[in-house]
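Peer 1: Sending over a structure as C-alpha coordinates; questions will come in a sec.
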Amino acid sequence: MRLTAKQVTWLKVCLHLAGLLPFLWLVWAINHGGLGADPVKDIQHFTGRTALKFLLATLLITPLARYAKQPLLIRTRRLLGLWCFAWATLHLTSYALLELGVNNLALLGKELITRPYLTLGIISWVILLALAFTSTQAMQRKLGKHWQQLHNFVYLVAILAPIHYLWSVKIISPQPLIYAGLAVLLLALRYKKLRSLFNRLRKQVHNKLSV
(Lines of atoms letter the chains of each structure in order from A; the text may use other names.)
(Lines give C-alpha, C1' and ligand atoms only; values in the text may rest on other atoms or scores of the structure.)
Protein backbone atom coordinates (compact mmCIF):
# COMPACT_ATOMS: atom_id res chain seq x y z
CA MET A 1 0.00 0.00 0.00
CA ARG A 2 1.49 3.28 -1.13
CA LEU A 3 1.35 6.49 0.87
CA THR A 4 -1.12 9.10 -0.32
CA ALA A 5 -0.36 12.80 -0.65
CA LYS A 6 -2.51 13.47 2.44
CA GLN A 7 -0.58 10.91 4.48
CA VAL A 8 2.70 12.46 3.38
CA THR A 9 1.40 15.85 4.53
CA TRP A 10 0.73 14.43 7.99
CA LEU A 11 4.14 12.77 7.92
CA LYS A 12 5.68 16.18 7.27
CA VAL A 13 3.83 17.57 10.29
CA CYS A 14 5.29 14.77 12.42
CA LEU A 15 8.77 15.45 11.06
CA HIS A 16 8.44 19.15 11.87
CA LEU A 17 7.53 18.15 15.43
CA ALA A 18 10.56 15.85 15.48
CA GLY A 19 12.70 18.86 14.60
CA LEU A 20 11.04 21.26 17.04
CA LEU A 21 10.55 19.12 20.15
CA PRO A 22 14.29 18.58 20.81
CA PHE A 23 14.72 22.37 20.76
CA LEU A 24 11.90 22.82 23.27
CA TRP A 25 13.46 20.13 25.47
CA LEU A 26 16.85 21.85 25.25
CA VAL A 27 15.33 25.19 26.30
CA TRP A 28 13.61 23.45 29.22
CA ALA A 29 16.82 21.66 30.24
CA ILE A 30 18.82 24.90 30.17
CA ASN A 31 16.30 26.67 32.40
CA HIS A 32 15.66 23.79 34.82
CA GLY A 33 19.12 22.35 35.36
CA GLY A 34 18.54 19.36 33.12
CA LEU A 35 22.07 19.39 31.69
CA GLY A 36 25.24 17.84 33.08
CA ALA A 37 28.26 19.26 34.89
CA ASP A 38 29.46 20.98 31.70
CA PRO A 39 26.30 22.47 30.17
CA VAL A 40 28.16 24.22 27.34
CA LYS A 41 29.57 20.92 26.08
CA ASP A 42 26.19 19.26 26.57
CA ILE A 43 24.51 21.89 24.40
CA GLN A 44 27.17 21.58 21.71
CA HIS A 45 26.97 17.80 21.63
CA PHE A 46 23.17 17.74 21.71
CA THR A 47 22.80 20.18 18.82
CA GLY A 48 25.50 18.40 16.83
CA ARG A 49 24.00 14.96 17.36
CA THR A 50 20.55 16.20 16.40
CA ALA A 51 21.93 17.70 13.18
CA LEU A 52 23.63 14.39 12.45
CA LYS A 53 20.39 12.48 13.04
CA PHE A 54 18.58 14.63 10.50
CA LEU A 55 21.46 14.23 8.06
CA LEU A 56 21.23 10.45 8.33
CA ALA A 57 17.44 10.61 7.99
CA THR A 58 17.85 12.72 4.84
CA LEU A 59 20.22 10.16 3.34
CA LEU A 60 17.83 7.34 4.25
CA ILE A 61 14.87 8.74 2.31
CA THR A 62 15.98 7.90 -1.24
CA PRO A 63 16.86 4.22 -0.65
CA LEU A 64 13.82 3.80 1.60
CA ALA A 65 11.52 5.26 -1.04
CA ARG A 66 13.03 2.97 -3.66
CA TYR A 67 13.09 -0.29 -1.72
CA ALA A 68 9.70 0.28 -0.05
CA LYS A 69 8.21 1.49 -3.35
CA GLN A 70 6.99 4.71 -1.75
CA PRO A 71 7.91 7.44 -4.26
CA LEU A 72 6.04 10.16 -2.36
CA LEU A 73 8.51 9.79 0.52
CA ILE A 74 10.92 11.85 -1.57
CA ARG A 75 8.76 14.88 -0.71
CA THR A 76 10.03 14.73 2.88
CA ARG A 77 13.71 14.86 1.95
CA ARG A 78 13.95 18.65 1.63
CA LEU A 79 12.20 19.12 4.98
CA LEU A 80 14.67 16.81 6.71
CA GLY A 81 17.59 18.54 5.04
CA LEU A 82 16.43 21.95 6.22
CA TRP A 83 16.09 20.70 9.79
CA CYS A 84 19.59 19.27 9.50
CA PHE A 85 20.86 22.71 8.47
CA ALA A 86 18.90 24.41 11.26
CA TRP A 87 20.41 22.16 13.92
CA ALA A 88 23.88 22.44 12.39
CA THR A 89 23.51 26.23 12.59
CA LEU A 90 22.51 25.95 16.26
CA HIS A 91 25.54 23.73 16.77
CA LEU A 92 27.89 26.30 15.22
CA THR A 93 26.20 29.16 17.08
CA SER A 94 26.50 27.37 20.42
CA TYR A 95 30.23 26.93 19.87
CA ALA A 96 30.75 30.54 18.80
CA LEU A 97 28.69 32.16 21.57
CA LEU A 98 29.03 29.73 24.48
CA GLU A 99 32.49 28.25 23.98
CA LEU A 100 34.31 31.32 22.67
CA GLY A 101 31.99 34.00 24.01
CA VAL A 102 30.61 37.15 22.42
CA ASN A 103 33.79 39.09 23.22
CA ASN A 104 36.00 36.52 21.50
CA LEU A 105 34.14 35.97 18.24
CA ALA A 106 37.16 37.38 16.40
CA LEU A 107 38.95 34.16 17.34
CA LEU A 108 36.42 32.03 15.48
CA GLY A 109 38.25 32.20 12.15
CA LYS A 110 41.55 31.20 13.75
CA GLU A 111 39.90 28.35 15.66
CA LEU A 112 38.30 26.99 12.50
CA ILE A 113 41.65 26.93 10.72
CA THR A 114 43.95 25.69 13.48
CA ARG A 115 41.71 22.89 14.77
CA PRO A 116 41.23 20.25 12.06
CA TYR A 117 37.99 18.84 13.49
CA LEU A 118 36.51 22.35 13.44
CA THR A 119 37.68 22.77 9.86
CA LEU A 120 35.73 19.65 8.88
CA GLY A 121 32.73 20.99 10.76
CA ILE A 122 32.71 24.39 9.06
CA ILE A 123 33.18 22.81 5.62
CA SER A 124 30.14 20.64 6.33
CA TRP A 125 28.13 23.66 7.48
CA VAL A 126 29.03 25.73 4.41
CA ILE A 127 27.91 22.87 2.16
CA LEU A 128 24.65 22.56 4.09
CA LEU A 129 24.15 26.33 3.76
CA ALA A 130 24.52 26.08 -0.01
CA LEU A 131 22.15 23.12 -0.17
CA ALA A 132 19.54 24.86 1.99
CA PHE A 133 19.76 28.07 -0.06
CA THR A 134 19.28 26.19 -3.33
CA SER A 135 16.68 23.69 -2.09
CA THR A 136 13.65 25.41 -3.63
CA GLN A 137 12.09 24.38 -6.93
CA ALA A 138 12.84 27.86 -8.30
CA MET A 139 16.56 27.39 -7.64
CA GLN A 140 16.39 23.89 -9.08
CA ARG A 141 15.01 25.28 -12.34
CA LYS A 142 17.52 28.12 -12.35
CA LEU A 143 20.56 25.89 -11.82
CA GLY A 144 19.40 23.17 -14.19
CA LYS A 145 21.79 20.22 -14.38
CA HIS A 146 24.17 21.97 -11.97
CA TRP A 147 21.58 21.66 -9.19
CA GLN A 148 22.06 17.91 -8.86
CA GLN A 149 25.83 18.29 -9.08
CA LEU A 150 25.71 20.72 -6.16
CA HIS A 151 23.38 18.59 -4.07
CA ASN A 152 25.59 15.55 -4.52
CA PHE A 153 27.89 17.27 -2.03
CA VAL A 154 25.58 15.98 0.70
CA TYR A 155 27.58 12.75 0.43
CA LEU A 156 30.73 14.66 1.33
CA VAL A 157 28.95 16.01 4.41
CA ALA A 158 27.98 12.43 5.28
CA ILE A 159 31.71 11.63 5.37
CA LEU A 160 33.01 14.78 7.06
CA ALA A 161 30.35 15.22 9.77
CA PRO A 162 30.86 11.82 11.49
CA ILE A 163 34.65 12.33 11.34
CA HIS A 164 34.14 15.77 12.90
CA TYR A 165 32.13 14.15 15.70
CA LEU A 166 34.64 11.35 16.30
CA TRP A 167 37.53 13.80 16.28
CA SER A 168 35.84 16.24 18.66
CA VAL A 169 35.25 13.82 21.54
CA LYS A 170 38.15 13.29 23.91
CA ILE A 171 37.09 9.78 24.87
CA ILE A 172 35.74 7.48 22.17
CA SER A 173 32.36 6.13 23.25
CA PRO A 174 29.91 3.88 21.39
CA GLN A 175 27.66 6.78 20.37
CA PRO A 176 29.92 8.52 17.79
CA LEU A 177 30.95 5.12 16.46
CA ILE A 178 27.29 4.22 15.94
CA TYR A 179 26.66 7.43 14.01
CA ALA A 180 29.76 6.82 11.89
CA GLY A 181 28.67 3.24 11.24
CA LEU A 182 25.19 4.35 10.16
CA ALA A 183 26.71 6.93 7.82
CA VAL A 184 28.92 4.25 6.24
CA LEU A 185 25.91 1.97 5.84
CA LEU A 186 23.82 4.65 4.15
CA LEU A 187 26.70 5.56 1.85
CA ALA A 188 27.09 1.88 1.00
CA LEU A 189 23.44 1.82 -0.09
CA ARG A 190 24.34 4.53 -2.60
CA TYR A 191 27.49 2.74 -3.74
CA LYS A 192 26.59 2.68 -7.43
CA LYS A 193 25.83 6.39 -7.52
CA LEU A 194 28.95 7.27 -5.54
CA ARG A 195 31.09 5.14 -7.86
CA SER A 196 29.54 6.89 -10.86
CA LEU A 197 30.23 10.31 -9.31
CA PHE A 198 33.81 9.34 -8.52
CA ASN A 199 34.45 8.05 -12.04
CA ARG A 200 32.94 11.19 -13.55
CA LEU A 201 35.09 13.41 -11.32
CA ARG A 202 38.21 11.41 -12.14
CA LYS A 203 37.46 11.73 -15.86
CA GLN A 204 36.97 15.50 -15.57
CA VAL A 205 40.25 15.90 -13.67
CA HIS A 206 42.05 13.73 -16.22
CA ASN A 207 40.66 15.76 -19.12
CA LYS A 208 41.74 19.05 -17.53
CA LEU A 209 45.24 17.75 -16.82
CA SER A 210 45.52 16.50 -20.39
CA VAL A 211 44.84 19.95 -21.87
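Glycine residues also receive a Cβ, built from the backbone N, Cα and C atoms like all the rest.
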Peer 1: Are LYS41 and ASN199 on matching sides of the membrane - judged by whether Swiss-Prot gives them the same topological domain name?
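Peer 2: Checking Swiss-Prot: the two residues are separated by the membrane.
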Peer 1: Cβ pairs under 8 Å with the transmembrane segment (82-102): which stretch of 45-67, 116-136, 150-167, 171-189 has the most?
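Peer 2: That would be 45-67.
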Peer 1: Give residue numbers and ranges for long-range contacts of the topological domain 'Periplasmic' (31-44): same chain, 6 or more residues beyond its ends, CB-CB under 8 A.
Peer 2: 91, 94-95, 98-99
Peer 1: Kindly state the mean pLDDT of the topological domain 'Cytoplasmic' (137-149) in the predicted structure.
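Peer 2: It averages 92.
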